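Since the structure comes first, as structure tokens, the remarks are kept for the end.
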Amino acid sequence: MQHIFAFFCTGFLGAVVGANFPNNIQIVCSQFSKGVYAIFGFYERRTVNMLTSFCGALHVCFITPSFPVDTSNQFVLQLRPELQDALISIIDHYKWQKFVYIYDADRGLSVLQKVLDTAAEKNWQVTAVNILTTTEEGYRMLFQDLEKKKERLVVVDCESERLNAILGQIIKLEKNGIGYHYILANLGFMDIDLNKFKESGANVTGFQLVNYTDTIPAKIMQQWKNNDARDHTRVDWKRPKYTSALTYDGVKVMAEAFQSLRRQRIDISRRGNAGDCLANPAVPWGQGIDIQRALQQVRFEGLTGNVQFNEKGRRTNYTLHVIEMKHDGIRKIGYWNEDDKFVPAATDAQAGGDNSSVQNRTYIVTTILEDPYVMLKKNANQFEGNDRYEGYCVELAAEIAKHVGYSYRLEIVSDGKYGARDPDTKAWNGMVGELVYGRADVAVAPLTITLVREEVIDFSKPFMSLGISIMIKKPQKSKPGVFSFLDPLAYEIWMCIVFAYIGVSVVLFLVSRFSPYEWHSEEFEEGRDQTTSDQSNEFGIFNSLWFSLGAFMQQGCDISPRSLSGRIVGGVWWFFTLIIISSYTANLAAFLTVERMVSPIESAEDLAKQTEIAYGTLEAGSTKEFFRRSKIAVFEKMWTYMKSAEPSVFVRTTEEGMIRVRKSKGKYAYLLESTMNEYIEQRKPCDTMKVGGMKLLCLPHGSSATTPPVQEGSSWTPVGLGDSSHPRSSALRLEIDLGASACYDCRCLCVLPHASPFPTKCVKH
């Protein structure tokens with residue numbers, strides 16, 4: 001349905017409503033025949049071409065606050081600013097690569113075409129859905145289908161009435177939780193009720209054309225409110241929507257134009273019959289071009305900001321405010337204009353540099369329970385707020401707050417994760433998600449710097465490089481067995497000794513048999529015949545074995561070789577046993593004083609080669625992301641195993657991984673950063689141990705930090721990098737200097753998504 005208002009020379013304003021095409025033609029012709037100066041109205045997709053064609057042929061200006069259309073008709077003035085460039089800037093700002101575009105064909109085709117053209121240039125994956133004839137049941141089925149495809153980044157381009165129905169279905173289907181992000185391609189963000197989204201945690205971004213805090217809108221709103229209070233004392237006053245503001249500015253455009261013509265004494269009077277609008281050929285109004293020029297030259301500050309038109313009759317030099325729904329309400333995150341494109345809101349305050357904004361605001365600090373950084377006190381239930389926690393990060397935040405002079409509130413991340421991006425939905429979880437979606441101002445935690453994270457948040461400068469190590473259960477002390485005396489020497493050596501013992505005994509036996517010096521007569525007893533003598537040899541096979549055994553045991557024997565060859569064999573054997581016994585004694589002493597624990601795993605290669613010991617990482621962390629993206633053969637093999645292992649080898653928290661290692665009886669290894677691994681190894685019950693050190697996993701951190709990190713365009717940039725005399729800057733630099741000089745083995749703990757007073761410091765281990 002369309003509304004048409006015609007301006008006559010007498011100042012009368014007539015209003016008519018058209019419902020179908022023939023009727024619309026009759027309406028326009030009727031008004032033209034009465035001698036109208038201009039037509040103001042709303043159009044639909046079905047009537048826009050008819051209206052613009054008539055106005056162009058008859059030289060009657062048509063002023064409309066409806067959605068912009070592509071037309072070369074100079075007699076059409078479009079009050080509503082174009083949105084497509086601003087929308088693309090916001091999508092690019094959030095770095096969306098895959099999203100759904102829901103549009104109303106009645107108004108969204110031109111915006112969609114621009115989005116699709118940009119998507120082709122930037123390799124975006126855009127799924128376009130037309131909802132022109134969709135019912136509420138259709139909305140429900142649509143979002144259920146999107147959920148199956150894990151589509152959680154959505155652009156909604158439609159008018160407020162249809163938009164409210166869509167948002168209602170989103171709330172009913174509970175698609176407004178953490179991880180969902182909606183961009184509303186609408187110029188009246190503050191006209192929409194988003195309280196349910198505020199409570200649930202979804203991120204909603206949109207545009208606001210009217211800035212009600214500016215002087216002119218605030219003054220006009222107060223006048224309207226006072227008038228409504230006098231006329232309707234029992235009716236609650238409601239702030240007009242942006243379409244009403246466009247209508248107000250449209251009326252003022254015509255008033256300003258006619259006043260300008262009057263001051264210039266240009267005769268635009270229409271005498272007699274205005275003519276037939278259906279004549280062939282059409283007879284245009286001679287003074288229409290003068291009114292068109294006057295309308296295009298109008299420029300003033302209205303409810304919708306700067307009202308100005310270009311040569312094509314479209315708004316120019318306008319500003320769109322970018323608004324976002326956060327956990328703490330609606331706030332402006334920036335603005336967009338034709339010259340600067342999207343400018344973050346922090347830039348607005350960049351020139352101020354005052355300390356009042358910091359002191360008058362309570363910062364939300366997200367962190368994670370991780371020993372020794374953040375821990376609950378034993379009697380935490382007796383305290384409130386920040387006093388419930390202790391640890392390095394807690395002391396760090398308190399010390400910085402003391403120097404800078406601001407208030408903050410520690411909040412433990414709800415899902416207990418550091419932060420990773422879902423490969424399907426592209427949504428962030430954990431502390432990184434808290435920062436990305438604006439639910440926290442800063443994170444103070446042992447958060448690793450990665451390239452993927454640096455794309456969405458800003459880190460402080462790092463202090464050291466860390467590697468990923470392996471945590472395994474410490475091998476149990478074994479009880480000595482019956483044959484534990486064999487442990488000082490390898491079993492191969494014992495076998496060689498046995499064979500040497502047998503071999504020497506056989507050689508000694510053979511040598512004694514061949515040598516005449518080993519044969520001697522036996523002594524006869526008295527009374528026996530001594531004329532006959534028997535020759536005997538003492539080194540039979542058993543005596544040879546006994547001689548070798550006695551020499552090996554260093555106990556000696558009753559017999560000894562008499563021949564030179566036998567004595568050489570015996571001497572060699574004695575020397576051999578001397579070396580063996582000395583080595584055995586030395587090793588035995590070491591075994592008795594030092595317990596020998598052999599680790600089954602020594603490196604990542606050892607893990608990759610076997611399947612008996614399971615291994616995994618944190619479910620949402622930089623370690624898992626590294627293995628997922630790695631192109632190194634060993635790590636690719638490890639990732640293939642981890643992602644397909646049943647049951648899952650990933651854990652939600654480091655504590656869960658530590659418990660799993662301790663209970664696995666050596667059948668599970670946990671991959672984590674070396675600093676944390678060393679800390680756990682030294683904590684009771686001291687039943688874990690760190691092995692390996694995968695240097696290829698080391699992150700390319702710097703050596704020290706000298707300036708506090710801030711978001712690009714932040715108001716803290718000149719403070720941290722330029723103005724060293726500023727008190728806030730001095731406090732930040734003091735904290736950094738204290739941290740950098742206090743320790744040599746430290747790591748980055750602070751990460752900032754927005755302008756924040758938090759610098760960085762280090763931890764000594």
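Using N, Cα and C of the backbone, Cβ positions are placed for all residues, glycine too.
Annotated L-glutamate binding in TrEMBL involves Pro446, Thr448, Arg453, Ser622, Thr623 plus, out of the candidates Glu395, Glu399, Glu492, Glu673, the residue Glu673.
Arg453 (L-glutamate binding site) falls within a helical segment according to DSSP. Packing against the transmembrane segment (489-511) from elsewhere in the chain are residues 518, 539-541, 544-545, 547-549, 552, 561, 563, 565-566, 569-570, 572-573, 576, 580, 583-584, 587: each is 6 or more residues past its ends and has a CB under 8 Å from a CB in it. Between the C-alpha atoms of Pro446 (L-glutamate binding site) and Arg421 (site 'Interaction with the cone snail toxin Con-ikot-ikot'), the distance comes to 18 Å. Around Ile601 (site 'Crucial to convey clamshell closure to channel opening'), the same-chain residues six or more apart in sequence whose CB sits under 8 Å from its CB are Ile470, Ile472, Leu607, Ile613, Ala669, Val691, Gly692, listed in sequence order. Cα-Cα distances to Arg421 (site 'Interaction with the cone snail toxin Con-ikot-ikot') place Arg453 within 10 Å, out of the recorded positions Cys29, Thr448, Arg453, Thr623.
Comparing C-alpha positions, Cys29 (disulfide bond) sits nearest to Arg453 among the recorded positions Thr448, Arg453, Ser622, Arg628, Glu673. Here the recorded positions are Arg421, Arg453, Arg628, and the one with the most other Cβ atoms within 10 Å of its Cβ is Arg453.
Of the recorded residues, Arg453 (L-glutamate binding site) and Arg628 (site 'Interaction with the cone snail toxin Con-ikot-ikot') place their C-alpha atoms 15 Å from one another.
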